[in-house]
Each structure stands twice: as structure tokens, then as C-alpha cells.
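Engineer: Below you will find the structure I want to go over with you.
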Amino acid sequence: MTDANPTPERSAEPTDDGEPLRVSTVERLCADIEANVSRVIVGHDDVIEHVITAVLGRGHVLLDDVPGVGKTMLARSIAKSVDCTFSRVQFTPDLLPSDVTGVNVFNQKTREFEFQSGPVFGNIVLGDEINRAPPKTQSSLLEAMEEGQVTTDGTTRELPTPFIVIATQNAVEPNRTYDLPFAEVDRFMKKLHLGYPDPDEEAELLGRTVGDHPIESLEAVTDRETLVAARETVSTVQVAEPVREYATRLVADTRENAHIGVSPRGTISLLRAAQARAVTNGRDYAIPDDIRAEAPVVMGHRIKTTGHDRDGTAVVEDALEHVPVE
Amino acid sequence: MSTDSSGHAGDRTLSIDADEPVGSDAVRLLALGCVLVLTGAYVSVLYDITRVVGGSQSLLALVGVMLLAATGLARTIRPRTAGVLALVGAGVGFAYYLTSAGVELGVVFTAADALLSDTVALATGLPILRMVQAGVWTLGFAPAPVFLSWYLALRGRYELGVVPGGIALGFLVLTGDAGTLVTLAGTLAAVGAVAFGELERRGGSIAQADLLAVLFAVIVALSLSVTIVPGDPSGPTHLVQGEAGSLEATIDSSPQRSGISGQVDLSPEVRFTVESDQRSYWRTGVYDRFTGDEWVRTGQSSRYNGRLASPPGNYETVQQTVTAETELGIMPVAPQPLSLGGDVTRETSVSRHGQPRPETPLEPGESYTVESAKIDADPAALRAAGTNYPEEVTDRHLQTPEDTSSEFRERTAEITAEADTPYEKAAAIESHLRSSKDYSLEVTQPAGNVAEGFLLEMDKGYCVYFATTMTQMLREEGVPARYVTGYTSGQQVDDDEYVVRGLDAHSWVEVYFPDHGWVRFDPTPGGSRDDVHTDRLEEARANGNEAADTEDSEDVPIDEDDGESPASDPNEPIGSPSDPNEDNGTDPGTDPNNGTEPDDPDNGTAPPDDPGDRIDGTTSDETSLSEHLVGIVRETGAIGLIALVGLAAGARRTGAATRLRRGVGVYWHGFRAEPDQDAERAFRRLERLLAREYRPRRGSESARAYLTALSAAETEAESATPLDPRVEQVLESYERAVYGDGVSRAAADEAIEIVDDLARSRLPILGRLR
């Protein structure tokens, strides 16, 4: 079922609009977004921050959690905060790829085929319960994530900028899901867990939802152009040799200590995330701490362990524990 | 004695410290170097000997040839052949020595026991310098060990190679010729050679040599605290009961040598009395070999056999009776003694120069008689004496240290330019010294050759300087001369009685004239000497020093001016043979010490051990202190260097240096570098500071995480000192410097300042004061 809110006119806009912003501006921007999102999402500050850094670092996010903890709400509030178009795809076993990307429809009046764009044409796309759709449908989204464009019936169409996929994955009912192929999980910059809120937070959550849901009154704190410029800024953040070496050491360590370690794409993602993290801390250079903050969520899902007692995140934690920083 | 070898030692120890990774090649070089140093050690001892007696060039050439021969033969002949070669070489050298010493080779076999006893004498502390043919001996001695040890070392047999060198060095140690430093250097080199040889064999690396350096340091420390080297010449056996530092103690320190020192004292105590119908100098020692800073008597002594050699020319005889007033290790006689009488003569030995000496010290009151030859020679006869010297005289009495400068030679030639005959030369030198130098007991001994120093640089001195210099000058001019010690005639208390005190100690020169014999010359200016000595006696009397007088002498005035102080007599410009034999109280230059004037003999209030016993106590102490300092610098420096290297190696082993550097680094940033480096260094210091206070940073912990963890921990445990908020700034500078695009000078300086401040406040003592 598609619950799309397509905005085709925006998708045609050029990508490079706006000069890079100052680091301090971006820092403030992030803080604003975070504060804004926090009005809807109770707790989970770290996850909010991770999502924001992923957005700034041109990455996509996979939220892996039980239903009803606010995954969709998180995605929506972020989209709303940055004044971007938001579309949502609810993945079901019978969902077809064209339901995601869009189809050519014959227009009776003009006697021509018109492209009816799918939900993927949005700035922030929420792919809900992505593991419920068959791999073919999944891959249609994943290709879009990787390429930044969609090809239907021989026509290639650019996706809007920014294009951010926030996919959720249901951890329950494993026998009725199609696990994402390992290669495709790799395309997500981060895999995050929201988890249940604390009792206190939950009480506050309930208090907030009495009456109008706060998402309804949420207002944008920035616009799309600023977001694009901020992403420019992030990409200019300096990653010095020692930091790069530290990242490589960490990655190499996971390759040694797991069945399949972090891919080079994972390393690139790690550096991008670290760049974004540096900016949110007001620095125009990345430090090892940025790497350390991002490593678990960036690397964890890219690691395949042999045993079941130990997941990828544990391998990363191990690496962080013993790989020398300098 | 040790310039060469200490230089070697320095090189070697320094190269041990070198840290570069080197293979066995370098170890081999070090081992060979050590063998060379060992060789250098004993060759340097021999070289010092030859420098005195001559032949140093031949020695060096010989050593060089031996090294070359060993290098050439190292690969071609077998060790057994080399051993035989060395033995043959040693035999030839020994035979050469014996031949030139005038011993028939056949005697070697018949007089084996004498040879044995000679060797034993050498090995029990007889310095090689006392050997008559010391130069030849060294030339005979050197080749075998040099050849053998180098040959074996080149073949890689280091432990065998150090044996001949070790034996040679050990022998020189036993003779007392090898000084502490040379011995030490040689020993260390031997240890080093064996150790490096072992390292080479087992493929060790130079890095393991630091253990060796520690060993060296231990050896040095041990050898400095435990000394078993015999024959240390620095401990004088006083033949006269003079205190150390007195003139007597200096010139009569031992039977074989006569030292030269800086400032000396005069003792006013009466040593002996002489009954003689003629005034004379009383001779106690004759020396022929000059090393540059002391006189050595060569040759062995023999027991007195009832007759002494008589002078070649005409002479009259003079009878004396000498009575010891204190314990006396010497036997004063008027030159030239012909025969001795009395009980003590049964235990008297006579040197090759005809100077008797008691084998056991004379007791106070003991007396002996002497019959002396008074050489009958007037200046005219001496002028005509010619230069037909016997060979045995020229052999031993023309020696000058090999390194005597040409300046000294030229100066001497200048002074004697007008003189044609030996007598005129002697007179010219005598009058030159008398007129150009002042008499003073307060002098500082010049470094190096004393005669040179006195003639060319000093303007005052005392008899030892005058006599030494004149002897050397005469020898430069080819006139046989010798250095003589003894006493002046002393205070005449009766017609034929003389009281001789410690302050009468004197040294002078004897010059040989063919057909006449040894004639006395005294270059010391008499007048000022008298003044000094008379003052001293008066002072002693004023202090009530009872030993300053005998019963006879105490009433006799110190006759300061009896017209008999001829040394200062300007009316005799051409000098004078101060032969006592022609002296009837009128001989100029003979007796600087005539009568005396006891102005106050019984002022017995002051204690006898009054500070007045010294001429000038204060100056003396100061001088001796500075001399002492100068004297120890070189040896101590070398030893200190070895010890230092050992310490450094030990420190390296234990990692102490790194710790020290870190420890100091906490408090001192060091010199400024680039801002980025400074910022980084500042943070490292902060890290060490915090590590000391809290915990060290873990390797996997980032800088920021570390500080965060510390402040978190400290919030939990409130007892801890709060983390200074300024550390954040240091951290930021650090991060910016390392990961960012660098920090400004100001930021770096600020970081340094913060760390400085934090370090100061945590200083163990200073921090508490704040």
C-alpha cells in the first residue's frame, strides 16, 4: 500500500543550490532540529542526533525495532523540521517495485503515457517495515538509495535533493519477513535502535499526546536549501591523517575478528558520519571521538559474525576497546 | 703518564654508547679497538720512560713495525709459529739489553740467580726509571707482547690475545710504573676485548654492550675503593722527620728519588751536628735522571765495603764526625766521601754515585766519622780541564727529558754564548740564575718540565728549582752535571762545630771536570735565602721551639751578616766553584748560612706546635688546594667519564632515562617549537600530570574521552581534586593542532601556560606553599 505524498515539481530542481554554511551555523541548526524533534519524540536524544548526523552526512538510516516505539514519528518530525517533502512506503509482501518508484500511466486526454511518480520521489522517504516486502521490491528502494535516481521503462529520473531514506525493520515475526540481503543492509549508513522509552519518558509521552498530537503543531526550523548547504559544509570537514588511520585500524580489526568485517563503503560512511558529528559539535575537523561515537551504529550492521552469541555491535565495541587511538 | 691511553679509553667508551644497530663487524672492530687500547696502555708507560731517557721514536717505530708484522702474518703463520717468534723476539730484546748494559751474554747463564733477583727487584716495585739502561730495556720489552697480542686478536683469539698484553701491563704495574689510570684503562680494555670477542662469536649486537658499560662502571668503582697496586710513588717515606710539605720532605722523600713540589716549609729543628775542621755542604743524596718533575737515582746500591771511590785528581782529606740529633734516614757527608767510620757503617749502603745511606735510620745521638776528599781545584785549573769525560760519566749525566723544548735549549745557548769552557759555562749559568731569579719558598710548581718552567717563565723559586734548572742547562750544553741534595754547613757554634737544622736543607749542582772530579756549584742566590732561613729560625726561637737549638747553639747568635754570604756577592760575577775545600770562610757562594744570632732563646711561653711552624699557613693551604684540584682533573675526568657511561647504560637498561625525561617534562615544557608541536607537547605533559594524579590514559581511549572519563569519575568520587576546567582548553588546542588545521602561537602558548600552572600547583613542595 502506498501512502505517498509526491512532490514532482520539486524533484526537478537542481541539486547544488547554496554555498556551504559556516560550521557554527550548522551546529546551531542541528541543535535547533534536535530541539524541535525532541518536542515530538520523548527521550532517545542520541538516536535523534544520529539521524540528524546521518541526514547531514548524506546517509540513510535503518531503524530496527519493535512496532510502536515512534519510528515513523521520528522520521516525520525530522522531515517536518527541515521543511522537506515526506513520503512513506508501507512495505507489504505484495508490494510491487512500481508501487515504490512510480508507473507510466496512459493519459486518455493527451493520448500519451505520463509518469506517475512513486513515493520514492520525496526528500525524506520512510520505508516502513521494509523487510516485509519481497527482495525485488526492496531492491527498488535500495537502488534508488544508492544511485540517487530511478529508472522506469528506460527513462532515468533524478531523485530530489536531499534524498534520505529512513527505513524501519520489524524485529518481531521473523518467519513472515524477508531479511534484507547483507549487501543491501550495507547501503544504510546507520542502523539504529529506538527501544522502549523509560517509564518517566513514557509518562511524559502520554501527557504530550493528550489533545492534539505534537506532530501536528510542529513547525519547520529550517528549509530545504539550508539543509543542502549544511550538507555541503559537512563534506568539507577536515579528516586528518591520524583520524583516517584510526578509522582504518578499527575497520581492519573488525575484519580480523568477524566472519565478514566492515566494507570499504562502510569506512567511507564512517568518515562521513564522523564529519557530520564534528560539525554538530562545532568543529571543522573530525577527531577520533567522532569516529568512536559513530562507529557502533555505522559499523555494527555491516559485520557478519559466526556465532549467535555475538553480534556486529559487540565486535565493534571490542575494537573500540582495544584498538589504539594514536 | 696517561694521556695516550686515557684518550683511547674515552674513544672506546663513547663508541659503546653509540646506539645504532650494528652487526658483528662493529663488534669485531670494538674488540680489536680494545686490544689496541690495552697495547696502548702499556706502550704509553714505556713511552713515558723513553721520553725521559730517550728513544721514544725508536719505541714507537718498533711498536708500529710489530703491529704491521702481526697484521701481515696474521693469516699466514700458525699460532704456534707466532708464539715461537714472539719468544725469540723477547729473547733477542733481552739479550740486546744485557749487551748494552755491559753484561756478557755468557753471564746470563752463569749469573742466572742475579738475573732472577733483578727481575724480582723489578717486580717488587723497582721503577724501571731506576734502571741504568731503561731505554734499552723498554725497547727489548715492548715487541713481543705487542706482536703476539695483535696477532692473536686479528685471528679472533681475543681471550688469548689479551694474555701477553695483560702480562706486560701487569709487570709494569708491579714495577710501579703504570699509574692507576693506565692500569684501569688497560684492564677495562682487556675485559672489553674478551667481552666483545664473545659478542662477535655469538652474534650479539652492539645494543648488548650497555651491560658491558655497567660492568666497566662496577670495575671502576671497585678499583677505586680497593687498591692493591703496590709501589705507589705518591706516598713518601720520610727519611727525615720533617713534616710533609717541608723542603726536606720533598727532596729526601725516598732513597731513590727526589721530588719537586710547589711551596715548601722550613723546619727549624736541629737535625745533626758536625765536628769538622772545615766548613762544607753536607751531602745526603745524588741524582742523575731527570723526568721533568722529579729526580731519580739510577742503579742499585751496594753494601759499604770499607772504601769509596776517590776523585781522579788531586785532593786533600777532611775529617768529620757527624752526630744525629733526630732520627735520621740519611747520612750527611762532605763531598766526596772516601771512607766512613763508626758502628753504623756496618749497615750502610752506597749508591753508584758514592753517596752513603744508612739501611736503618740513625738514632739520635748515634754518630759516625767521614773522611772526605777535598778536591784541589782552582778556577784556572778547572778552566783548563777540557772535555775528555769518561764514558761512564757522560752515559748517565747528560740525560735530559726527550721533550725538552728547543726554547730552553736556545735560551741556554744564549746565556752561555760567551763561555768557551765547561767551567765558564757553569759559571755563566750560575751567575745568570743568581741574578735573574729571586729566592722564594712560596711558588707554584709549573706544569711539565720544571727546569723549563723555571728558566722561561718563573721569576722566583728555591734551591730545588735553581739546582734542577742549572743541571739541565749544563746537560744541554754537554757538560755532565748532577743534582745533589743535602744541607748547607749550618750554624757554626764553635771553631769546628756546626749545628745543622731542617731549614738548612738545600740542593745544588755538581759538575764533572776531567781529572778533578765532581765540583760543587750553587746557583741559589744566597742572600735572600739567608734572610728567609734566618727569619724562620728566629721565629722558631721566639716561639720557644726547643728542638731548634742544641745546648751549644742556643747561646750563639744568628750571625746574619758575617760577610760570608757569598752567594749574593756581586763582586764575583763570573761565579765560583763553590768547592768547600778551598773555602776558608771566604769562598763566595759557598755558605749562605753562617752564624746566627740568638736574640731571644728562652722565650718559652708559646707552645712548640705553634702555627708559626709554617712560613705561611694560609697561602700554603690555598695553593695546595688549587694544585690538588688541577692535579686530579684529568684522571678524575676520565674515570668519571667511564662511570658516567656506565650509569647511562644502566639507566638505559632500566628505562630510567625515559622516566626521568618524562618526570622533568611534566614541569618543564622545553624549548618552543612550532605552535602545533607545542600544543601537542603541552597536552602530553597534561596527560602525564593527570596520569600521576588519576590514572594513565588507555591506548584505546581518545584524548577527549580520557578527560571526560576523569571528570566523570571525579564527580562520582567527590574526594578527588576537581579537574581544572582549563584542561578543556589544552585539549582543544591539542585536537586542533593534531586533527585540525593547526593552532595559533597564542593558543599554543596559552596551553603551555595552563599546563605549567597546573604542574606547578602539583609540585610536591612548592605546590603546598601556594
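We number each residue from 1, going along the chain as drawn.
Using the three backbone atoms N, Cα and C, a Cβ is placed for every residue, glycine included.
For B:548-564, the entry in TrEMBL reads compositional bias 'Acidic residues'. Summarising the annotation, TrEMBL assigns domain 'Transglutaminase-like' to B:455-525. Residues or ranges marked as region 'Disordered' by TrEMBL: B:333-368, B:541-624. Sequence annotations record features per position, and here TrEMBL assigns transmembrane segment to B:29-47, B:53-74, B:136-154, B:166-197, B:209-229.
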Engineer: Counting only residues 6 or more past its boundaries, what in the same chain has a CB within less than 8 Å of a CB in the transmembrane segment (B:53-74)?
Structural biologist: 39, 43, 46-47, 82, 85, 129, 134-136, 138-139, 142-143, 146-148, 150-151, 154-155, 289, 399, 402
Engineer: Report the DSSP secondary-structure composition of the region 'Disordered' (B:333-368) as helix, strand and coil residue counts.
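Structural biologist: Per DSSP, the residues of the region 'Disordered' (B:333-368) fall into 5 helix, 15 strand, 16 coil.
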Engineer: Which sequence-distant residues neighbour the region 'Disordered' (B:333-368)? Criterion: at least 6 residues beyond either end, Cβ under 8 Å.
Structural biologist: 239, 255, 276, 278, 280-286, 288, 297-304, 306-311, 315, 317-318, 320-327, 374-375, 482, 484, 510, 517-518, 520, 580
Engineer: Summarise the domain 'Transglutaminase-like' (B:455-525) as counts of helix, strand and coil residues per DSSP.
Structural biologist: 19 helix, 32 strand, 20 coil
Engineer: Can you tell me the mean pLDDT for the domain 'Transglutaminase-like' (B:455-525)?
Structural biologist: 84
